[in-house]
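Have a look at the structure below, then the notes.
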Amino acid sequence: MTMLKDPSKKYRAFPTIDLPDRTWPSKTIDAAPIWCSSDLRDGNQSLIEPMDAAKKLRFWKTLVSVGVKEIEASFPSASQTDFDFVRTLIEDGHIPDDTTIQVLTQAREDLIARTFESLRGAKKAIVHLYNATSPSFRRIVFNQDKAGVKEIAVNAAKLFVKYAAQQPETQWTFEYSPETFSATELEFAKEVCDAVIEVWNPTPENKVILNLPATVEVATPNIYADQIEWFGRNITRRDSVLISLHTHNDRGTGVAATELGLMAGADRVEGCLFGNGERTGNVDLVTVALNLYTQGIDPELDFSDIDGVRKVVEECNQIPVHPRHPYVGDLVHTAFSGSHQDAIRKGFTQQKDGELWEVPYLPIDPADIGRSYEAVIRVNSQSGKGGITYLLEQEYGISLPRRMQIEFSQVVQGETDRLGLEMSAQQIHSLLRREYLQANTPYALISHKLQEENGNSAVDAEVHVDGETQHWRGKGKGALEALVAGLPVAVEIMDYNEHAIGSGTTAKAAAYIELRVNGERAVHGVGIDENITTASFRALFSALNRSLSQTQAKAA
C-alpha cells in the first residue's frame, strides 16, 4: 500500500471553531501555570518496561526537587504495584506539605473505591476521573449514545462524593477529564462537564479541575486554543473551576497547543518531563517551562541542573533524550557552522553580567541550566575561524590576531577534511603547537643575548642550522628590529601582537608575528615563553621557518 494521491478520500480536516471574537491571539502568557507531572502514570504506562518501585520513588523525588507541586503518581486500581506505590509515598512520608499527590481512576465503583482506599491517610489528594466523550469512542469503543456517556460521568462523580466523605481527614480535590475532549463536540463536552460540576458543587475556595485533553492531537494548535477559549467562556461556575490542559504530540505541536491554550485562559498543565508518553508523547513540561523562562517569566520550576534531571529520566524510562531535544539535548547549545560560531564568539565577548541575554543563536544562557560553555562551539569541516578562535581563547587563553585566525582556520580545515571527524579543543591546540610552536627547521633558536644602550638594541642569537651552531648578530631600534637585521634572509615584519596568558607568577607571554620573507606571501608565527622578548623571538623564528618550508614545498 502507498500514500493516496487524494488523501481526502480517507482523511478529513478537523472542523474549525466558530469563534469570530476570539481574544487569545492578542494575549500573552505572563505567569507560570499550575504544573502537574504525569510521568509516573501516563508516562510510565507508555514504557516498554514500566518502572519498578525503586525507579518510581527516584523519579518522584526528582519531580519534588525541581518544584512540581502536583504529581500524578499512579493508577492505583490498575495493579497491586501501583496501589502499593501510593501507600509507600503516604506511609513513608515522601509527600511534602506543599505537594499534592494525584491518582487516576476509571468510572466504575469498584475501581473508585480501590482508588480512595489507596489514599487513606493522605493530607491532601487529587482524584482524577475520566471517561471518553468523542463520537468515535461513543460509537466504536463503548456503543453508547450521548446520554449514556453523560450518565457514566455523573454516576462516577456521585461516587467520588460518597467515598471522599468516608475519609474526611483528607483535603480532597476532584478532577474530571472528558477524554478525547479535542475530538468531542464542544456543546456536548460542556454539557457533561456542567453535569459533573453540579454533582461536585465546587466553590471559588475549593475548585474542581476540568482537564481538557488532546488525547490524540487531531488539529492545528489554534483550533485547540479556540476550544479552550470557548469552553472557558461557556462552562458554568467558571470562578470555581481550574481549566487544565493535557496535550499529546501526535502532530508535533504539543508545546504550541499548550502555549496557545494558556493564552486562551487555561490555568494548569499536565505533561511529562522531556515529552515521554503514549505514542509520540505528552507535552514536554521542561520545554514549556523554559520557554517561559526565556521570555523573562519565572516558571516556578528549577532546572538549574538539567543534565542531572535528564540522567534520572533516561535511566528510569530507559529511553534516551534526543540530541536535538530543546534545551537539554547534547547538541542544542552546539554550533559547528563557521558563521554561527563567529556570531556566538562575538556575542560572548560583548555579553556582560547583569545585562539582557543577547548572544546570537543561543536563546538561553547554558549556564542557567547547569550547562558549561565547552560544548557550545565544536569544530568540524563546516567550522570557521570563529569557533577555532573561541576554543583556543576559552581553553588555553590564546587570542589569535584576526589575520592569523584566517590562516590557522585553513590549517584546521585541512585536518578535519583529512580526518573526516570533529576536532576537540585539545586537538586544535596540538595542531597549533605542531604547525607554529614546533616550527624549528631550518633555523632553531637556542638562546639569545640582548644589550640595550641609548635607545638602541644589539642582539646575539645562538641558532642551530644544519647540525651546527651559528651566531647571528644585529642592531636596531628595538629587539625585533635588531634580530631582523642579523638574519641571513630579507624579512619584512607586517604585524605584531602580544598578550599575557594567565596571571601572577605562572603567567606567560604569547607573541604573534606576520612577516614576509624575500618578498614571498605573508605568513604567521607564534611564540610562547615566560619572557616577552623570548616569546617575540620565537614567534619570528616560527614565521621564518614556516615561510621557508612553504617556499621549499612550492618549489618541489
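Don't overthink the numbers, they just go from 1 along the chain as shown.
Using N, Cα and C of the backbone, Cβ positions are placed for all residues, glycine too.
Lifted from Swiss-Prot, the feature list:
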| type | residues | note |
| --- | --- | --- |
| DOMAIN | 33-307 | domain 'Pyruvate carboxyltransferase' |
| BINDING | Asp42, His246, His248, Asn282 | Mg(2+) binding site |
| REGION | 439-556 | region 'Regulatory domain' |
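Structure with Swiss-Prot features highlighted.
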residue: Asp42; record: Mg(2+) binding site; DSSP (3 states): helix
residue: His246; record: Mg(2+) binding site; DSSP (3 states): strand
residue: Asn282; record: Mg(2+) binding site; DSSP (3 states): strand
Inside 10 Å of the Cβ of His248 (Mg(2+) binding site), count up the other Cβ atoms and send me the figure. 25
Cβ neighbour count within 10 Å of Asp42 (Mg(2+) binding site): 23
For the region 'Regulatory domain' (439-556), the DSSP residue counts stand at 34 helix, 58 strand, 26 coil
Excluding Asp42, His246, His248, Asn282, which residues of the same chain place their Cβ within 8 Å of the centroid of the Cβ atoms of the recorded Mg(2+) site? Ser38, Pro213, Thr215, Thr247, Gly254, Glu270, Gly271, Cys272, Gly277, Glu278, Gly281, Val283
